[in-house]
Amino acid sequence: MAASPLKRWARSEAVNGYMMISPTLIYAILLLAAPLVTLVAYSFFTDGYLVVIPDLTTANYAEAWSDPIFRSILLRSVIVSGLVTLVTVVLAFPIAYFISFHVPAAKKSRWLFLITIPFWTSYLIRVFQWKVILNYNGVINSILTGLGLTDHPLQMLNSIGAISITLAHAYAPFAILPIFVSLEKIDRSLLEAGLDLGENRLLTFWRVTLPLAMPGVIGAVMIVFIPTIGDYVTPELIGGGKLPMVANVIYQQLLKIDNKPLGSAMAISAMLVVAAVALVFLFLNRRFLRGSK
Amino acid sequence: MKFSSLKGYAFLYLVFLYAPIVLLPVFAFNSGTIIAFPLKGFTLDWFRDLFANQTLGLALKNSLIIAVSTSILSTTLGVFAARASTRFKFPGKTGVMGLIMLPLVLPEIIIASSLLVVLLAVGMPLSLFTVILGHTLMATPYAIAVLNAAFSSLDRSLEEAAYDLGETKWSTFRLIILPLVTPGIISSALMSFTISLDEFIVAFSLAGKETTLPIYIFSQLRFPKQIPMIMALGTCLVVASIVLLATAEYFRRRGLAKTGAKDTGGFL
Amino acid sequence: MSQLNAAARAPLDSRAKMIEFHEVHKYYGDYHALRGISATIREGEFFSLLGPSGCGKTTLLRTIAGFEDISSGAVLIDGKDMSDVAPNKRPTNMVFQSYAIFPHLTVGENVGFGLRRDPRSKAEKAKAVEEALEMVGLKGYGARAAHALSGGQRQRVALARALILKPKVLLLDEPLSALDKKIREQMQVELIKLQREVGITFVLVTHDQEEALVMSDRIAVMFEGEIAQLADPETLYRRPNSRRVADFIGVMNFLPAQILGEAAGHVQLEVGGLGRFEVTEEQASARASGAEPVVGFRPETLTILYEGQQAHDREAPATIDEVVYYGDMTYYDVKLDGVDAPVRISMRNVFGRPVLDVGTRTRVAWSAGALVLFR
């Protein structure tokens, strides 16, 4: 006789798996899924000043999307985080390449360690330090005037460029690590094969290394793009509050002005934009993975 | 020649990475009240202010309470999830894990606002506890990522062997699995701790009247008079994080030496 | 085919039944992994499950250990139904393919792991550990770190760890597959000796037919979740019951045969290159894979005749087609006159006897009694 059905059920992998995952899953349902559903629901409700009235409406979305200020803020957020992503990934690639291909194996973890150390200190202080560096009487201007290169200190703060540099610095290791991992996976004999077949180094890099590193690059793009578009601190500190991004207006609507339905609609809108961008990159990644096989 | 130019670039990149950090002690020990060159003279006043500041002490205490709780909670939840995802097959696993890992790809402002809306709707007062709830949600996916690596490198026949040698499932977990994933648990706890200690926007939204370290720092950055003290604080934080990292690395190496596993790199 | 093991013990049939499989089926979803296995393993037997990967041999072993639930049927150990007995309560212990040595414990702690719930005193347990280590040739290794051991040493620790609990059955899942050829052969002999010493029933899973032949009292050859043949090594080698078993174990030559008739326990055949002859009914019980009957014979049952040598039984004219020199042996591919496909003949190299060249005309000695008819 085989074991009784009940015992077998209790011993089955699926049941064991569900039991094991249930604490974490329940937590995620209560504190992630339910809040997100509520946020979506609120975005279709009506604002009654101090209360939220559950009358279904699309007015919040209409209001948000017809508001030129919100539209320009959303556009600015996409542009800034797009710029940050581009700068971060382009700056990070040579470093990942250097560590993967030119650093001896024994020293690789030391280099990775060196790169991650700065990011274990306060994010707020790191962001603020860029204000110190870029300020009217800050480090760069002191050096420039000290060397006599300019009489008038440069106005660098409160600009999209300043916001971008700050964020590019903040997310540097998030870009380096995935690219490094994908470069490490490349079979070195493939590169030798490329050279052996008479291609020069540049061509080998272009035709072998870069395509194989693409999954890491796309991973880096996602990892940098998603959190930067929702960044609250940098526009406040480096943008001087004059160049708000989506996080700042969502926060305004939800907490300061307390228009929860409108704030929710804005949050959901921002999330949809992020999701759309993420899907484009996931699609690209899948194309690359298929292409490389 | 490509090698040396790459090396030069790597050096410049490190300067870029470390410049903001290196400037912290420079201004923390500078007696000038304005954060600008040229430097005035050496002083320890800012550190004295720092240690005498009671609001800051309270904020730090709150942050530590939150970070330790988050670290324990998210590592515990992470152990369950990592064990389930590496050891068992069950229908809908991809979807379940997708939901649990979602905070990884969700802008923090979305997590903050959705939690805030729900907590207010159910009438739960904002406090350190609500911040712990939010931070645990955010840190759990990172804990899982770290723990997954630890659990998936476990040879399944090790636990079968223990079970076969007369141990129960629970004692097998205690005697074999737990000791072998301990380095992963330590990394996970450290990572969750650091994420929580540094997190601003969720804490800012969910702390109510309470103050955490990042909230306090953010509030002080508006006052130029307070900046030198913040520089001293930043210096202390850098030192603390380096000590913490070195300790973690020490434990990781010791764990490796104990089980004879191959060194596969650092904490991230 | 050394038979170190079979000697000087009670005949198998008279011994108690240790493991019984009754119509064991196992499904993984739609996949039918075990298809009605029925077999009996006797007390003190060295039993092997042999087959290609995916044939279900490891699954069957794991049903004995209790790591796999069966879908229907029954597994009995020492007369008791095991369906509701968890692995930690079964009188079996296992040596895993990866050895599963606990890397965070010392050698001694590994070996003594199963004694944790044993009521004996610490000193007695330590003595038991030391004895177990001595038994596998690792005396004095107790304090060493387990992760620093070599493959062969891990194997011994795994054996000691399982045997210290004195199980009724020791299960071995491809225990030698990770070792180099030299150490593997040495371990084969040691395992046989150890098994005779402790007298425990050993069930070995392997895909290596040579290993199974060397070590086992009996072998179950498995294909696609079924036992194709269960027999002692010699029967398996000399009288495979199907062409598939014959192909899996050693090398066998096949020639198409024509059945002319059957009478008085004999089958009359005509085979191209060999002529007309008859075989006994016993030789003719094997299954062919296609519709056409074939005769099969092992390379060493044929002999190439040198100048002046006489065949004991029959001979056939042939031409040497290919020569492969192995040092102690030479393999000849030989074309029998009238047959296109070459047959393989293995010849022991003897001092003074030259290795023949390709193209040499020769005669091949053979005997009808060494043939198997697949039909």
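Heads up, the Cβ atoms here are built off N, Cα and C, so glycines get one too.
Remember, predicted model here, so these are calculated numbers, not experimental data.
Annotated domain 'ABC transmembrane type-1' per TrEMBL: B:60-248, in sequence order.
Counting same-chain residues at least six beyond the ends of the transmembrane segment (B:12-39), those with a Cβ under 8 angstroms from any Cβ of the stretch are 45-47, 224-225, 227-228, 231-232, 234-235, 238. Sequence annotations record features per position, and here TrEMBL assigns transmembrane segment to B:12-39 (among others).
The transmembrane segment feature in TrEMBL is assigned to B:59-82 (among others).
Look at TrEMBL and you will find B:94-122 (among others) tagged as transmembrane segment. Beyond its flanks by at least six residues, the transmembrane segment (B:94-122) meets 81, 85, 130, 133-134, 137-138, 140-142, 144-145, 199, 201-202, 204-206 of its own chain at Cβ-Cβ distances under 8 Å.
Among the features that TrEMBL reports, transmembrane segment is placed at B:128-151 (among others).
Residues or ranges marked as transmembrane segment by TrEMBL: B:172-195 (among others).
The transmembrane segment feature in TrEMBL is assigned to B:227-248 (among others).
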Query: Between the stretches B:59-82, B:128-151, B:172-195, which wins on the count of C-beta pairs under 8 angstroms to the transmembrane segment (B:227-248)?
result: B:172-195
Remote residues contacting the transmembrane segment (B:128-151) - C-beta distance under 8 A, at least 6 residues beyond either end: 62, 65-67, 69-71, 73-75, 77-79, 81-83, 85-87, 100-104, 108, 111-112, 115, 119, 180-181, 183-185, 187-189, 191-192, 195-196, 199, 202-203, 205-208, 210, 212
- prompt: Taking residues 6+ outside the transmembrane segment (B:172-195), which of them lie with a CB under 8 Å of any CB in it?
  reply: 67-68, 70-72, 74-75, 78-79, 83, 135, 138-140, 142-143, 146-147, 149-151, 154, 158-159, 162-163, 241, 244, 248, 251-252, 255-256, 259, 267
